[in-house]
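Taken verbatim from Swiss-Prot:
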- Cys97-Cys179: disulfide bond (DISULFID)
- Asn5: N-linked glycosylation site (CARBOHYD)
- 1-28: topological domain 'Extracellular' (TOPO_DOM)
- 50-56: topological domain 'Cytoplasmic' (TOPO_DOM)
- 78-97: topological domain 'Extracellular' (TOPO_DOM)
- 119-143: topological domain 'Cytoplasmic' (TOPO_DOM)
- 165-204: topological domain 'Extracellular' (TOPO_DOM)
- 226-239: topological domain 'Cytoplasmic' (TOPO_DOM)
- 261-272: topological domain 'Extracellular' (TOPO_DOM)
- 294-309: topological domain 'Cytoplasmic' (TOPO_DOM)
- 29-49: transmembrane segment (TRANSMEM)
- 57-77: transmembrane segment (TRANSMEM)
- 98-118: transmembrane segment (TRANSMEM)
- 144-164: transmembrane segment (TRANSMEM)
- 205-225: transmembrane segment (TRANSMEM)
- 240-260: transmembrane segment (TRANSMEM)
- 273-293: transmembrane segment (TRANSMEM)
Amino acid sequence: MTQINCTQVTEFILVGLTDRQELKMPLFVLFLSIYLFTVVGNLGLILLIRTDEKLNTPMYFFLSNLAFVDFCYSSVITPKMLGNFLYKQNSISFNACAAQLGCFLAFMTAECLLLASMAYDRYVAICNPLMYMVVMSPGICIQLVAAPHSYSILVALFHTILTFRLSYCHSNIVNHFYCDDMPLLRLTCSDTRFKQLWIFACAGIMFISSLLIVFVSYMFIISAILRMHSAEGRQKAFSTCGSHMLAVTIFYGTLIFMYLQPSSSHALDTDKMASVFYTVIIPMLNPLIYSLQNKEVKEALKKIIINKN
């Protein structure tokens, strides 16, 4: 990579979602409410799964890990965004920006791959129910969670090192509400061809492979459900997979909209709105999606409420 002699920036200024002062306090209240709901929803779901013996199954093991990732995912972005609504100059140090980008990439990648692991779990449950507890043994479940986390940490670390080894001297104003990759690359005075090639190769492999696992798993699941003779069995199978299908559709749909649209139609304001959806809204929605459509979770919650009363 060709470097240009210049003064390296020591901090970045985040433009944020809006520069209109009259909107900042209402947005602060809105996003604070969403974040509190996200924290309570995800940590509450983890606590519920850990304390109820009936939820001690592979499906809920994966769900508790997804809830943990959603909590961390949102916590990397939202607190800084809330601070940006309160301060006139929204600065973030060079090292803090690197840490935020690295953590964001790690948790986003982990969520993407965890959804694929959960799709495989649903495939085994529907297509091979008699062998479910054998195939999805505790050791296999741990591997299906550990592998996404290990891969995501390595990818995020390498990705972040590549990004912050570049020289930033054109400007230090990031047109976003957090340290994201593409807005940062617009500020560099280094050759970014290798970096961009790495982004597309790594993101393409991860996205296509995880999406392929989800797609193939659900093709087998739908085929198995359609072959069921009992209407009650089909309804139970669909209810088992419905929450995950909805979560997958929302998450991957947002990523496809965000990253696979033509570069000519890429607008920063559109990127910001899509980023708000998958960094703030999705972590809030997932506990609702998995709880409201899940009979066992609702029964466990009712049991806790009754015991307290």
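Please read every residue number as a count from 1 along the shown chain.
The backbone N, Cα and C atoms fix where each Cβ goes, and this holds for glycine too.
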Best-contacting stretch, by C-beta pairs under 8 Å, relative to the transmembrane segment (205-225) and drawn from 29-49, 57-77, 98-118, 144-164, 273-293: 98-118
Proximal but sequence-remote residues of the same chain as Cys97 (disulfide bond) (Cβ under 8 Å, at least 6 apart): Glu11, Phe12, Phe164, Val174, Cys179, Leu184
Distant-in-sequence neighbours of the transmembrane segment (29-49), which means Cβ under 8 A and at least six residues beyond its ends: 55-56, 60-61, 63-64, 67-68, 70-71, 74-75, 78-79, 81-82, 85, 280-281, 283-284, 286-288, 290-291, 297, 300-301, 304
Three-state composition of the topological domain 'Cytoplasmic' (294-309), taking helix and strand from DSSP: 14 helix, 0 strand, 2 coil
Segment confidence, the topological domain 'Extracellular' (261-272), expressed as mean pLDDT: 60
All-chain count of other Cβ atoms within 10 Å of Cys179 (disulfide bond): 27
